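Structure first, commentary second.
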């Protein structure tokens with residue numbers, strides 16, 4: 001599945017036996033539910049049985065739950081959406097979420113895929129949510145990134 005210029009096709013992944021956590025916000029439910037659906041389709045096609053799914057209200061809550069998931073999962077997928085408003089709040093939330101997820105990933109040595117959309121408009125978010133007519137499926141892309149990175153790390157850690 002390719003969404004546009006420069007977007008690679010999603011790889012075929014076999015993550016059988018991998019413990020995967022997904023944290024998804026509920027704000028802008030149509031978008032977040034679609035992102036979650038895309039991620040779940042990828043985990044299912046990669047033979048991940050029963051990923052742990054945790055829902056939180058907003059994007060700012062995602063990093064702390066991702067941190068808890070990273071403690072006992074091999075891959076974490078973070079999903080949500082922040083849409084620019086008329087105040088600087090957008091910038092603060094986007095920065096906090098991005099830095100928080102990066103810190104969790106590095107501190108836990110666990111891939112945490114950032115599937116939190118940061119858009120100027122709701123239309124841009126809908127176009128990336130994996131809905132019918134959307135140009136991209138960022139939930140699926142985040143899941144593929146988390147799983148493929150976890151497999152890469154398994155390979156690196158398995159070397160003597």
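The backbone N, Cα and C atoms fix where each Cβ goes, and this holds for glycine too.
It should be emphasised that the depicted structure is a prediction, and the values quoted were computed from it without experimental measurement.
As written in Swiss-Prot, here are the features:
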type     : residues                        : note
ACT_SITE : 89                              : active site, proton donor
BINDING  : 27, 59, 60, 61, 81, 82, 83, 114 : 5-amino-6-(D-ribitylamino)uracil binding site
BINDING  : 86, 87, 128                     : (2S)-2-hydroxy-3-oxobutyl phosphate binding site
Cα of the residue listed as 'active site, proton donor' to Cα of residue 82 (5-amino-6-(D-ribitylamino)uracil binding site), in Å and rounded, measures 10
Pick from 87, 114: which of these binding-site residues has the biggest number of other Cβ atoms within 10 Å of its Cβ? 114
Among 89, 128, the most crowded of the recorded positions [Cβ within 10 Å]: 128
Can you tell me the three-state DSSP label for residue 82 (5-amino-6-(D-ribitylamino)uracil binding site)? strand
So residue 86 ((2S)-2-hydroxy-3-oxobutyl phosphate binding site), by the Cβ count within 10 Å over all chains shown, scores 6
Residue 114 (5-amino-6-(D-ribitylamino)uracil binding site) falls, by three-state DSSP, under strand
For a quick check of understanding: among the binding-site residues 60, 81, 82, 83, which residue's Cβ has the most other Cβ atoms within 10 Å? 81
If you count the C-beta atoms lying within 10 Å of each candidate's C-beta, which of the binding-site residues 27, 61 ends up with the smallest number? 27
Pairwise Cα distance maximum in Å, 5-amino-6-(D-ribitylamino)uracil-binding residues per record: 27, 59, 60, 61, 81, 82, 83, 114: 16
